[in-house]
Amino acid sequence: MTARPASSTPAAPPTPRTAAHVTAPTASAPADATAPTAGSGTLTPTLGSRATPQTTPADAVAPTKPSDTAPSPAATDDAPAYRPNAKYVLLLGLMCALPAISTDIYLPSLPDVARDLNTSATAAQLTMTAMLIGGAVGQLVIGPLSDRFGRRKPVMVGVALHVVTSLLCAVAPAIIPLIALRSMQGFFNASATVVAMAVIRDRFVGSDASRLISRLMLVIGVAPLFAPSIGGVIAGQAGWRAVFVALAVFGVVLWLIVWRRLPETLPPDRRRHGGLRTALAGYRGLLRDRHFVALAVMPGLGVAVLMSYVVASPFVLREGFGLSEHQFSLLFAINGIGLVAGAQVNAALVRRLAPIRIVRVVLPLSLSLTVVLLVLAVTGLGGLWGLLVVQWLVLALVNFVPPNASALALSRHGEIAGTAAAFIGAAQAGVSGVVSPLSGLLGGDAVAMAVVMVGASVAALLVLALATPAYRRGGAWTG
């Protein structure tokens, strides 16, 4: 990778480099763009594969807070390559993890919510579905706003409103208001996810983006490792309503980190102006690109496999197999390790293999394992441990799909990166939101969960095979 040194003085424009497999954005960064300094917790330029120490002139003054308007280079095919430092990965990872944390910390409380609000398990699961659908709508709205107003302002407003809705969820008197508030929470959570993905597209393309997204999955993967246990302890000590107070506290912490550390990666001269008509025109352009649409839908189907497990597991494991809250949280954490392991193996593979090739191998393997899981659930062979082992492998494999498909989709339409990221996020949240409650409607047991996993895996493979001509030709299409 090549890099532009970080300093407080204007940087010279990079020597153009080309990449035939991606479509370059029409807008480029101005020549006087200033790269963020490593000390600000943003990007650390590198030469080769290792970070190179940078010297700063004595009279240079690093900013104490990122500017809302400071220009920064666009991640086009002609832009320099950057390597994010650990603080930058952690920041974007926390932003992307906000919906996951809002889901996982609440999971152990689902049976308690059903009992306390005198409702059914299916109705309690709808609080999860509502958040996912709200997130899908939020992505579609907030994405174009981030292309118009920049990256920082939408996420700061969205996270602040996440705090408000979390506190309102804590005092919800019945299941219907709770479902409505969870949909609003999902809407505002989307600001963090869509802006994080847009920032990635502002800086990176292709395999670089895929590696970064995979590293973000390490941060996101911490949510299923610890959030259910934390949520279980909070609910056990103070009731399920206290879980939403904890979410509000997390939102406050995230807002402060974003305010202090997130740079503005979309300078004013690259922002899109216009209202609803401009936003709709952007979405029409995306819909006309069938390759983009296929790649945008695939992450949603991959996440649908995961979410069918997430939504059904409290009832399958706690009520079906009689596990305690502590045992459930422990098993959930073990599966979280599988998610993290899959993401990190993928981050290593994309250095050597094109992302599309990885997806082409992983999807058939994932489908085969979900079929095995269904057979075990129907026959009872292997008992609980048989289900858990195969389920762990399924979740580890399916976690290869979202980062690779998302990175390939983000490599297109860079001139409207926020809108493109919103479309991908909306497709992901929408598809998984529609699919995930099906296990509850089909009975809520292990068989129903496995059936939904098989269906989502089949759909993902069909999308890849039918909507991508290069796949049918056996070519190495990379976006």
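Just so it is clear, glycine is given a Cβ too, placed from its N, Cα and C backbone atoms.
Caution: TrEMBL annotation is automatic and unverified by curators.
Per TrEMBL, compositional bias 'Low complexity' is recorded for 1-10 (among others).
The annotation region 'Disordered' is assigned in TrEMBL to 1-78.
For 17-42 (among others), the entry in TrEMBL reads compositional bias 'Low complexity'.
TrEMBL lists 43-57 with the feature compositional bias 'Polar residues'.
The compositional bias 'Low complexity' feature in TrEMBL is assigned to 62-78 (among others).
Proximity of distant same-chain residues to the transmembrane segment (88-107), defined by a Cβ-Cβ separation under 8 Å and at least 6 residues beyond the stretch ends, is recorded for 41-44, 127-128, 131, 135, 155, 159, 162, 166, 185-186, 189-190, 192-193, 195-197, 199-200, 212, 215-216, 218-220, 222-224, 227-228, 230-231, 234, 240, 243-244, 246-247, 250-251, 254, 257-258, 261-262, 310, 313-314, 332, 429. Summarising the annotation, TrEMBL assigns transmembrane segment to 88-107 (among others).
The domain 'Major facilitator superfamily (MFS) profile' annotation in TrEMBL covers 88-472. When pLDDT is averaged over the domain 'Major facilitator superfamily (MFS) profile' (88-472), the result is 83.
The transmembrane segment annotation in TrEMBL covers 122-143 (among others).
Among the features that TrEMBL reports, transmembrane segment is placed at 155-180 (among others).
The transmembrane segment feature in TrEMBL is assigned to 186-204 (among others).
Here TrEMBL flags 216-236 (among others) as transmembrane segment.
Here the transmembrane segment (242-262) has long-range neighbours at 40-42, 65-66, 87, 91, 94-95, 98, 101-102, 105-106, 109, 151-152, 155-156, 159-160, 162-163, 166-167, 169-170, 192, 199, 230-231, 234-235, meaning same-chain residues at least 6 beyond its ends whose C-beta is under 8 angstroms from one of its own. The transmembrane segment annotation in TrEMBL covers 242-262 (among others).
Long-range Cβ contacts of the transmembrane segment (292-316) within its own chain (Cβ-Cβ under 8 Å, at least 6 residues beyond either end) map to 103-104, 107-108, 110-111, 121, 125, 128-129, 132, 224, 286, 328, 332, 335, 339, 359, 366, 370, 391, 394-395, 398-399, 401-402, 405-406, 408-409, 412-413, 420, 423-424, 427-433, 435-440, 444-446, 448-449, 452-453, 456-457, 459-460, 463-464, 467-468, 479. Per TrEMBL, the feature transmembrane segment maps to 292-316 (among others).
Among the features that TrEMBL reports, transmembrane segment is placed at 328-349 (among others).
TrEMBL lists 361-378 (among others) with the feature transmembrane segment. With a cut-off of 8 Å between Cβ atoms, the residues of this chain six or more beyond the transmembrane segment (361-378) that come close are 305, 386-387, 390-391, 393-394, 397-398, 400-401, 445-447, 449-451, 453-454, 457-458, 460-461, 464.
Per TrEMBL, the feature transmembrane segment maps to 384-402 (among others). Distant neighbours of the transmembrane segment (384-402): 213, 217, 298-299, 301-303, 305-306, 309, 321, 331, 334-335, 338-339, 341-343, 345-346, 358-359, 362-363, 365-366, 369-370, 372-373, 376-377, 428, 446, 453, 457, 460; these residues of the same chain sit at least 6 beyond its ends, with a Cβ under 8 Å from one of its Cβ atoms.
Taking pairs at least six residues apart, the transmembrane segment (122-143) and the transmembrane segment (447-467) share fewer than three Cβ pairs below 8 Å and do not count as touching. Sequence-remote contacts of a segment are chain residues at least 6 beyond its ends whose Cβ falls under 8 Å from one of its Cβ atoms, and for the transmembrane segment (186-204) they are 43, 72-75, 79, 81-82, 84, 92, 95-96, 98-99, 102, 130-139, 141-143, 146-147, 151-152, 154-155, 157-159, 161-162, 165, 212-213, 216, 254, 258, 262, 265-266, 406, 410, 414, 417-418, 420-422, 424-425, 429. Long-range contacts of the transmembrane segment (447-467) within the same chain: residues 290-291, 293-294, 297-298, 301-302, 304-305, 308-309, 312-313, 316, 359-360, 363-364, 366-367, 370-371, 373-374, 376-378, 394, 398, 401, 435-436, 438-441, each at least 6 residues beyond the stretch ends and with a Cβ under 8 Å from a Cβ of the stretch. Through the fold, the transmembrane segment (155-180) approaches residues 95, 98, 102, 113, 117, 119, 123-124, 126-127, 130, 138, 142, 146, 188-192, 195-196, 241-242, 244-245, 247-248, 251-252, 254-255, 258-259, 262 of its own chain, all at least 6 residues removed from its boundaries and within a Cβ separation under 8 Å.
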